Structure formats: structure tokens, C-alpha cells
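Down below is the structure, laid out as C-alpha cells.
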Amino acid sequence: MAGENMTQSPSNVSMPRNTSSGELQNGEHKTNTHFMRKIPPGAEASNILVGEVDFLDKTLSAFLRLNTASVMGDLTEVPVPTRFIFILLGPPGSHGSFHEIGRAMATLMSDEIFHEVAYRAKKREHLLAGIDEFLDAVTVLPPGEWDPSIRIEPPAAIPSQEVRKRPPEKNPKEEIDEELEEQRQREEAGLSRTGRLFGGLINDLKRKAPFYLSDFKDGLSMQCVASWIFLYFACLSPIITFGGLLGTATGNNIAAMESLVSGFVCGIGYGFFSGQPLTILGSTGPVLVFETIVYEFCMKVGWDYLTFRFWIGTWISIILVVLVAVDASALVCYITRFTEENFACLIAVIFIYKAIENVFHIGKEYPMNTAGGKFDCSCLPPVGQELTSEAVHTWSQYDLRTCKSLNGTLAGVDCDKPEFVSDVFLMSIVLFLGTYIISVILKDFKNALFFPSVVRQFISDFSVTIAIFSMTLLDVFTHVATPKLDVPSEFKRTIPDRGWIIMPFHESNPAWSSALAFLPALLGTILIFMDQQITAVIINRKEHKLTKGCGYHLDLFVLSCLIQICTIMGLPWFVAATVLSINHVNSLKKESETAAPGEKPQFIGVREQRVTHILIFLMIGCSVLLTPLLSHIPMPVLYGVFLYMGVSALKGLQFFDRLLIMLMPAKYQPDYMFLRQVPIRRVHLFTMIQLACFAVLWLIKSFSITSILFPLMLVVMIGVRKSLDYIFTKRELKILDDIMPEMTKRARADDLHQLEDGEVGFYKRLIGCCIGQKLIQQPVTTISVTKVTEQTNKSNSTNPNS
């Protein structure tokens, strides 16, 4: 406020703002539109006006709440409607105290609890009671304990204010019935039996149908484009690699081309019709072992492999449909964090191990000459060709691979050894580590200090894509013959004599072989059911904050249909891939955009949609047409992507966090909830048991003879978890094996701690009263962060007579 009879307040200097009166056009405020993006929808402003006038002998103050919030010209820096106005006027000479009173009032209005009181207050005493409550909760620092010149960073997560909202007379401990809460959560997720055939499937359809159109609308985002490109490369290489291994194991009856077609069919079908499209389908090791055993059995007895496999796949589809009909997915509720994290950690470690192993395998094919000796092997013209000096000179320039392909003659004592090509292995290591390091650094670039937030977020979303393209360009410019991605160049069956439809009967197979196929189908069903449902449990974790619900029964039904289609066409069976699915979720995480200045963005959920899943496998189906481009991508680059995915999948696993804690001194251990409530010895004991189970799973999966039993061992893990009831108390298991997110548990524990801490609360109230009645004469320093008051749908609670 400025005028002839008013002097300037110090706030005019300490809190400058843009002069916007010259930019008002047709009543519209056009200043600082960038700041407007940070303000939540429905926000309202509180204006604090202090000043000095010479016609007053004593202080005059007023607190106003408007019946209808209104935009007051350029009174505010941004066109936010004003709901509250605080005016403080006084005689000259008191401007210093007025400035502090204005700051204190702004701090009051930034408090979530007080502005709730301000909206509902009907008389002066209600406001005074709100001020008293604020003083009860405020923290006061003596001037000697804090340097005002030091900036205090905002908290990583705003503490819960639920305790302050409870009425004082109802403050005794409130405990939630955890059994009823878990039962309610199971019913919401569809993990409780309905008592009728296909009841769970029907409920899943009802739950997911309202979100079907939004699943496509929510995919219209640059973040989804980045996720699509990243996961396309992440899915393509395993499919081709798996196809090559499957071709070797099945006599090329099912190979790389069949794997690409299966990826296209399963990916498109699952993307359009599944209940949880965030789950990525892929090939798994147990499926490869299962196919190998079936093929070897057919070769021994002289049966046609694809015909016998047709009946196995048909029985698997029928059994899965029966499981859907009887709501067998409700058994997923027995898969606790103990089993779930053992499985997820195992798959993530396998990704990391295989990525490193593949890079060292390149070193075996292209070894380095570490001994410094000369490689005695040269290429000569083919036998029968004249050995002129010009011909010898020409052929000697070829390496061993080129010489063999041209039918040249190898001469020398080292020709039976791999040729020393030092550059290939070293370049592979550079590409491998470079891809991983660039992906990690750019993924965290959204928290950097450079560039606008839009640019930083874009770079973070496309971090893996940038790493792939940059390392591929480096490989192209260096002209080093590193191994490249090998994609089929023609769309045709691996065995041209066989069509795309498998006949159910064959002259080599007896009629009763179709009934015999039921036995291996039982084992295959367990394999597919466990792989699919454990991955679904991991994706639907509470900490992912998914809002569109789960679809365990619908996913299993869609998968059974896809398995039958792949069986008829002679394609490999695809099931949920854990690491790919976890990285799909991580690549689609959203953070708050309407954060107050200085406040760190908060994780608000995942972009749930179907577009990325459909586009990923649509591109995989079209990969044959992209062979000229894909053939330039070095395999070490893709191995670096696998390493990144494996490490990313380990983040957030409590099992992995507890393993790291075992190596930390107590003073450096993070503030995890289980460390607050369970003795560290018991935590380490639980971790060691889980680590032993992890080692058993690793050993079983490492040998081809026992790897087929891997799904059965996951069932055994559930039994091991049940036996822990005799070692740990129910409370300890509830804390260490709880499915509740860490932040939710921390908030509840903080609230309960404040409820129990009655003595501390008494002293805080005593200090607050002393401050309120000015009984403390020593000056104090107040720390506050002023934010725009958020008000959404408050009209019903506002007094209409104000």
C-alpha cells in the first residue's frame, strides 16, 4: 500500500516483486506464467498487507475471509484468486515489528492445519484456538543455536500432519486392525475367492473396463516414447538370443524367426486385452529347459516334436482356464515379500551376471596378445592357384575369418588358435561400460542444476536411448569389428518345408500320446503360473501407487489364449519377464510438477497405459524390415543395457538393502523402519535365511538337470516362509515381511510416536503458551517456508455469512 500519508515498510525492500500494472489487458493477468505452472489447480492466495500511517495513534489490524475468492488485479504476482486478507496498520516508528508480524502471519497461513481452521472459523475465538494449536506444534530455536545466513534445505518428504488434525479429547492410541486391512486390500486387488465360476475374471473385467480408453489417452506423453524405444532394444536382444538357443535345443523347429513372431503375437494380444499391461512378456530360462527336455524325449522315442508339443500346449491352456475359473490366482496372497524379493533379486542378478559373462565371452573369441609374442599364421591363396608375389601379398592382408570365408589357405603353427585382435575386446569393454555409465548419469540428470526442468526431464527419460545411440556412433566411427546384433533378414520359417499351422496328429505319434501330454503339461503349468503371478505381484506393489487396479485373473486368461495360439502356430511360449517388467514400471514413474519453489518433487505414481507395450512388440514384429539399421548396433552396447536393467531392478528391494546393511557400521545405517522396531541381530538372522534360500535357487537354476524344478522351488520358498513363524515372532515377521510401502509405515510410526510421546507434548504446549503470552523475554528466531495456500472444493465448508 502506498500513498501520501504512508511510509514504506522494510518488506518493500526485502521482498521485491515484479511491477505488473502496465501488463494488465482486459482484466487478464499475464505476468510470471512459468510460476503459474508450479501452483496446484484450485489454489487460492492469502495477502498480507502491513503499513504505517500518520493519522493513527495505535495499531489497527483486521483478518478478512472473502465469501467468494476474487482476483484483485496486480495485488498478487500471479493471477491467483484471493480468499484471505490480513491488514496491519500503525503509527510511524513501528515498521520493524510490523514486518516480523507480517512474516509470522504468512507462516501461519502456510500451515496446512491453520488454513483449515481459517476456512471453517465462525468467530474470533476459533482463529485464536488455531494459533494456539500452531504454537503447540512449532519448533523454536534459540538465536545462538542457528546461523540465519545458512540456508536450510527443504525436507525430502513432508511429515504427516494427521495427528494434529485429531481432536485433543480423542488422542489416545488408535490402532488399525491389520488383518481386516489386509483382507480389504486382497478384495480390492481381486485376490479373494468369489465362490462362483469365473467370478474373479468377471470382477477384473468390471474393474478394468472404465479405464480402457484412458489407457490409450495416458500414453500420449514423451515419457512413453522414451520408455518404448528403451524397452524395444531391451526386449529385442533377449528374444533373438533366446531364439538362437531354442533353435539349437529343438533342431531349428523353433528358432529366432519364430521367437520374433511370437513376440509380436503375444505382445500385441497382451497389450490390448490384459489386466495389467505394465507387465512385459518375454522368454525365460525354465521355458527353454522345458522345451529341451520335451524335444530330447521325442527324439528318443521317434515322435514328431511339434505335434507332441501341440498337445502339451493345449493341455496347459485348458489347465490355466480351469485355474481362472476357480479363482486360483487368489493363492497369490501367500506370496509374501520373502518369496517375491528372492525371485526378483535372483532374476536381476542373472541379468547382471549374464551381461558380464557375455562381454568376457567376446574376449575368448577375440583374445588379446598379452604375452607380446607374434601370431604365426598367415593367409595364402587357395590350393591350385599360382603363388605369385602379388597374390601372396593380397591374401596376406586378410584376417583368419575372411581367409576361411574365401577358401584361402592358412599356414603357420598358430592357425588352430584364436587370432589376437586386441582392439575388439577392449572396444567391447568401452562400449559395455560406456552404455551403463551414460544411462546411470543421464537417468539422474533430472536432479541436476543445469537447464530448465523440461530439458532435464527429457534427457532423463531418454537416458538409455541416448546411451545406445552415442555408443553405436562411437563404434561406427572407430571402425572396430565388434560383434553386432544379428537379426533375420527375411520373413520365413527356419525350416521352409513346414507351414505356420501345426497339425494335431502325426503318423509317427500314437493316438494315446495326446493323453500322455497331460503329465508334462502339469509341470509346464506350474512353471508358467509361478513366473506370471510372481512378476504380477512385484508390478502391483503398493509402493508403485497404481490407481487402475490389478487383473491377476484376466492376465492369466489372456495368457492361456496366447499360449494356445502359439501352440497352434508352433511358436515359443512367452510369459511375464520380471526384470523387463520392473524396468518398464521404473521408466514410467511420475513426479509432481506443481511443487512449491524450493520443494523437491514427490513420486506420485506410474503412468498406467497400454501404448508402450503395444508399440514395443509392434516394432519387434517389424524388426525384419529394420535389419539394415539394427545390424549396426554392437552387442556390447546391449549387454550394457542388460547391466543397467539388472542394477535398476535391485533398487528398492528390501532384501538387497538388508544385505548392504550387514556391511555397514551402525552409525551409517539408513533410517529404515525395520531397524527402528526389530533388533539388528534378528534382522541379520532373517537376511541370512533369505540369502541361503537365494543360494539354493541359484544352484538349482545353474544346472540344466535341476533347472526344470525351479518353479517347484518357488512353492517350497512359500513353505520356508511359513516355517519362519517358529523362529520369529508375529510382530517381527509383520515388520520384515510386510507388503506395506516403506513411506507409509514411516508415516504411521511417526504418528504413533507423537501420540505416545505425551510428556514431550506437554513441554511443547508449555513453551507454546509461554511464547503466546510473551513470558519469554529472550528474542527467538522463527524459520518458515511460505507457500501458496491450496484450496480445493472448500465452498461447502466456508461460512456464507462471512
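For all residues, glycine too, the Cβ spot is worked out from N, Cα and C.
In TrEMBL, annotation is done automatically, which means it is predicted and not curated.
Remember, it's a predicted structure, so these values are computed and weren't measured experimentally.
For reference, TrEMBL has these:
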| type | residues | note |
| --- | --- | --- |
| COMPBIAS | 162-174 | compositional bias 'Basic and acidic residues' |
| DOMAIN | 10-148 | domain 'Band 3 cytoplasmic' |
| DOMAIN | 196-741 | domain 'Bicarbonate transporter-like transmembrane' |
| REGION | 1-35 | region 'Disordered' |
| REGION | 151-189 | region 'Disordered' |
| TRANSMEM | 225-247 | transmembrane segment |
| TRANSMEM | 254-273 | transmembrane segment |
| TRANSMEM | 310-336 | transmembrane segment |
| TRANSMEM | 343-363 | transmembrane segment |
| TRANSMEM | 424-442 | transmembrane segment |
| TRANSMEM | 462-481 | transmembrane segment |
| TRANSMEM | 511-530 | transmembrane segment |
| TRANSMEM | 611-631 | transmembrane segment |
| TRANSMEM | 637-661 | transmembrane segment |
Stretch in 254-273, 343-363, 424-442, 511-530 most in contact with the transmembrane segment (462-481), if contact is a CB pair under 8 A: 424-442
Winner by Cβ pairs under 8 Å against the transmembrane segment (611-631), considering only 225-247, 343-363, 511-530, 637-661: 225-247
Seg_contact(the transmembrane segment (254-273), the transmembrane segment (310-336)) with at least 3 CB pairs under 8 angstroms, min sep 6: no
Sequence-remote partners of the transmembrane segment (310-336) [C-beta within less than 8 Å, at least six residues beyond its ends]: 186, 190-194, 197-201, 294, 502-504, 513-514, 517-518, 520-522, 524-525, 528-529, 533-534, 536-537, 552-553, 556-557, 559-561, 563-564, 566-568, 570, 573, 718, 721, 737, 739
Segment-segment contact (the transmembrane segment (225-247); the transmembrane segment (637-661)) at 3 or more Cβ pairs under 8 Å: yes
